[in-house]
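Below is one structure; the comments refer to it alone.
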Amino acid sequence: MATGQLFSRNTQALFYNYKQLPIQRMLDFDFLCGRETPSVAGIINPGSEGFQKLFFGQEEIAIPVHAAIEAACAAHPTADVFINFASFRSAAASSMAALKQPTIKVVAIIAEGVPESDTKQLIAYARANNKVIIGPATVGGVQAGAFKIGDTAGTIDNIIQCKLYRPGSVGFVSKSGGMSNEMYNTIARVTDGIYEGIAIGGDVFPGSTLSDHILRFNNIPQIKMVVVLGELGGRDEYSLVEAMKQGKVTKPVVAWVSGTCARLFKSEVQFGHAGAKSGGEMESAQAKNQALQDAGATVPTSFEALEVAIKETFDKLVEEGKVSPIKEVTPPQIPEDLSSAIKSGKVRAPTHIISTISDDRGEEPCYAGVPMSSIIEQGYGVGDVISLLWFKRSLPRYCTKFIEICIMLCADHGPCVSGAHNTIVTARAGKDLVSSLVSGLLTIGPRFGGAIDDAARYFKDACDRNLTPYEFVEGMKKKGIRVPGIGHRIKSRDNRDKRVELLQKFARSNFPAVKYMEYAVQVETYTLSKANNLVLNVDGAIGSLFLDLLAGSGMFTKQEIDEIVQIGYLNGLFVLARSIGLIGHTFDQKRLKQPLYRHPWEDVLYTK
């Protein structure tokens, strides 16, 4: 492995398995370091493509999302680092695919628990092809002021405290990612900070070893000393001992192997990582510390003394003139996310949507304050749910029953009406359910199903002003307005609409008063004197009876009733009801596998 730097200020990575927070932390680090280009060139999210919006400083940027590793590498040939956030189940396969791409030089495997046999294959392939693996079971690595992998070094506040926004003179390598964060802080307190830090990972077989990276550090001129934090278990540290004895490491090394307390236990002990377990004497922390010291490393007597040892070694380099003072720079301020600022009470922001009918922020959704569980447990029906979501109150049972009757009676009226016809033609054209439904719904208007609101408005106005049916009808005629809710293409005096009769029967038996319905019947009596088909239709029946429902329930003010009629609640009832039938017609045509509909010539009057 050896060679030198893995990263630079121009290094870009491909991020596998989209995770918003680690990527945003990488981009915030880039901004903190004054990079001109984001370090994340692209995201690989198997099965999806497009873009992900993230922040680079104060500006939002769109990072491309690719469905496959090969496509991402082809689209971003300068990205030579592959950051793998796949689970331990798929990390090996995706890592091998990345290693086989000629543009990828470094693969960081974050997952813990990758099968050891898979890891061995990855290591063998990487070494044979001169590529570097960091991990598995790693937090990653960082080159101060240049590039960092994923969550390395934690939060922005910690990065600033550790002075990672600019390069120092210390190379650091450890097995533990968590301890690496602590050591970055320690090193920043007693030296000018790190130049590069790597956590090789805690699995038994790391993709690259402590000595691999220290030999690299030895070839990087900017690194003046090395700090190593090992741990009991395994024999990785002995490869470093051999390298030092052979003179391959010429820079001062300060080392400590954690786990000296293992001797206090009578049996074998596992310390967190898969590779950190007490075994034979050679794998003990004491034996490793002694071997490192014998090879020339500075090894303190305890972990607590490690900070002092690092400081003394660094101070000596300064005295010898081998370390030049680093000019401190003030890092830019990372803009705080709006959500974080609001949560902390630092800012206030206006909302963009107001909702009063439902709330999904708790453990269960609430409709107008009524929990979903209560709706089910108390046996609420569709009418009750409509009363909550439309009227924001629980209406009496006769009201919700009337709503349900309206829905049932208006659910469908055969295949020949305009809405059903449109839906059938659309479904037979091979369109999807929503398109077929909408094509039928779009026919609802003044001439088909959409006259309920107008009927209610005109009946209410005339009744409230005590107009006689004659005055009302003739007044509408003078204005050139058809009376909404009156008239039918098929029904007549001798062939009444059964739906209207059922609604009137229910209302007379259950409503406290039916003033508006009686007025509509009086209007019908007058219009029938003009023509046999000017009967009260279902629109007029629902419109007038809904006025009686609103007025008779005692739960609405006059102003609220006027607002309900003005907004268009009643047409909503027909839209909701007829959607049931239109969906049924769509399914019916598709189930029957009906071909594309073409209207017959003989049913068209061609004229000039």
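Numbers run from 1 along the shown chain.
Glycine too: its Cβ is placed from the backbone N, Cα and C atoms.
The model shown is predicted, which means the values in this text are computed figures rather than measured ones.
Residues or ranges marked as active site, tele-phosphohistidine intermediate by Swiss-Prot on the basis of similarity to another entry: His273.
Look at Swiss-Prot and you will find 214-234, 265-291 tagged as ATP binding site, backed by similarity to another entry. When Cβ atoms from all protein chains are considered, those within 10 Å of Val226 (ATP binding site) total 23, not counting its own.
Residues or ranges marked as Mg(2+) binding site by Swiss-Prot: Glu231.
Cβ environment of Asp294 (CoA binding site): Val241 lie under 8 Å away, each six or more residues apart in the same chain. Taken from Swiss-Prot, the feature CoA binding site applies to Leu292, Gln293, Asp294, Ala295, Gly296, Ala297, Thr298, Val299, Pro300, Thr301, Ser302, supported by sequence analysis.
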Listed binding-site residues (Gly296, Pro300), ranked by Cβ neighbours within 10 Å, top entry: Pro300
Euclidean distance between Cα atoms of Thr298 (CoA binding site) and Glu231 (Mg(2+) binding site), Å: 16
DSSP-derived class (H/G/I helix, E/B strand, else coil) of Gln286 (ATP binding site): helix
Which of Gln286, Thr298, Ser302, all binding-site residues, has a Cβ with the fewest other Cβ atoms inside 10 Å: Ser302
Least Cβ-crowded entry, counting other Cβ within 10 Å, from the binding-site residues listed as Ile214, Ile220: Ile220
Reduced DSSP assignment, Leu292 (CoA binding site): helix
